[in-house]
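Annotated active site, nucleophile per TrEMBL: 19, in sequence order. Per TrEMBL, domain 'Glutamine amidotransferase type-2' is recorded for 19-238. Annotated [4Fe-4S] cluster binding site per TrEMBL: 254, 400, 456, 459, in sequence order. Under the heading Mg(2+) binding site, TrEMBL lists 301, 363, 364.
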Ligand code: SF4
């Protein structure tokens, strides 16, 4: 089966998060709580979802293509996932083809018991490791990068599961936030740079792990703290323990979580995502405001930045673009030409508002530029006298290899054209992006620390914090560094 270019049901020209993870230990409604948590994390992946539970005797699993509400809305399905502990996963895939065998959590019966694993992120040496494992006799069930973690755990010579998993993770390079379920433990692990998010919560006696705090809110759980980069937390009948089995690295959390991926009501690093987005909009306005009558968000992801922009310059914030929320995922649009036709199904101009007005359109990012071009044309046809576009991130000129679905570099508008050419192609009077330092200022930093950047920002800068082993081959890898330090 080849990879089908599924279109995101909400935004067809956006980067897409690959996955959301959730885990519960110590609640009789573990599977129902997990389904709710996955529902709150639906924005992180709509292609497929799954839950694995354990009932003190056996594991139960339900994995399906489609969204959480379609697969876990049935009481009988939840009833079939008995037990006081469960993990779940939402998937939007770039690694592996979109088939049921790739839907997580992955489960394997290892020599010492069952192991279920849900992974958010992407391993940059997965193919290299897979080739080695296959040459030693491993038989893979999926095409997922995450499966190498299971095989490495299975073949570890350590005795305890925590040590076996540690052994496996010391061999991988890449971004990962994992939730793992065994017959006795719920384990949460974050990669040494903390590129992808993972938070810890508490609901009465139960411990919860989730990609974002919005998934704690939905079940009424209390936010305890973020899992630290390189930390492994182990929850069992005796409580929770924290381990630091990996060499320490400076934190490099994905800055795009703040720009676009995370839900605006989530909190990372004591920072509200919503407030961060408003501050990015304010920085953008300080750097590049154009005289105009109205500030208009490109819905929905441009909305908080547009609010911040409008408040900064004291202009009216108006809904000049109305979005149709009921598109569903019926559109499989394999070519750019057909993709062009889709935009008007999703967005309409509020023509009486924009007619004769100079407008500033605010969006979070430009990927291919196809949606931006159509929206600008729509605004001009609706009678806008000037159209200025402001983007609440620096130009996206590089692909992500750490768990975000990015087009190849040759398809990224900013990788192909300079600012003036992009403005001409999109059809705007002026175009500006927030600067990289403006983005960091919005995060509460004075600027990007060039020597040791505070975030992963590789899709803007090309400064990849982790080696791209499968892509580049032969380079010194984090693996070799880790092995040296062991
Ligand atoms: Fe996030 Fe971009 Fe880094 Fe990927 S490359 S982890 S999207 S900042």
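In case you wondered, yes, glycine gets a Cβ from its N, Cα and C as well.
Remember, TrEMBL labels are computer predictions, not curated facts.
Secondary structure at residue 400 ([4Fe-4S] cluster binding site), taken from DSSP and collapsed to helix, strand or coil, is coil. Not a single one of the recorded positions among 19, 301, 363, 364 has a C-beta coming within less than 6 Å of an atom of ligand 1. Over all protein chains present, the Cβ of residue 364 (Mg(2+) binding site) has 26 other Cβ atoms lying within 10 Å.
Summary: among the recorded positions (19, 456), the fewest other C-beta atoms within 10 A of the C-beta are counted at 456. Sorted by the number of other CB atoms within 10 A, the binding-site residues 400, 459 start with 400, the lowest. Each of 195, 255, 256, 402, 404, 457, 458 belongs to the same chain as 254, 400, 456, 459, is absent from that list, and has a C-beta within 8 angstroms of the C-beta centroid marking the [4Fe-4S] cluster site.
Reduced to three states, the DSSP call for residue 364 (Mg(2+) binding site) is coil. When secondary structure is read from DSSP and collapsed to three states, residue 301 (Mg(2+) binding site) falls in the coil class. The two recorded residues, residue 364 (Mg(2+) binding site) and residue 400 ([4Fe-4S] cluster binding site), have Cα atoms 17 Å apart. Separation of the C-alpha atoms of residue 400 ([4Fe-4S] cluster binding site) and residue 19 (active site, nucleophile): 14 Å, rounded to the nearest whole number.
Sequence-distant neighbours of residue 254 ([4Fe-4S] cluster binding site) (same chain, 6+ residues apart, CB-CB distance under 8 A): 175, 195, 196, 197, 261, 402, 404, 455, 456.
Minimal Cβ crowding within 10 Å, among the binding-site residues 301, 363, is found at 301. Looking at the domain 'Glutamine amidotransferase type-2' (19-238) alone, the prediction's average pLDDT is 94. Across the structure, residue 459 ([4Fe-4S] cluster binding site) and residue 363 (Mg(2+) binding site) are spaced 17 Å apart at their Cα atoms.
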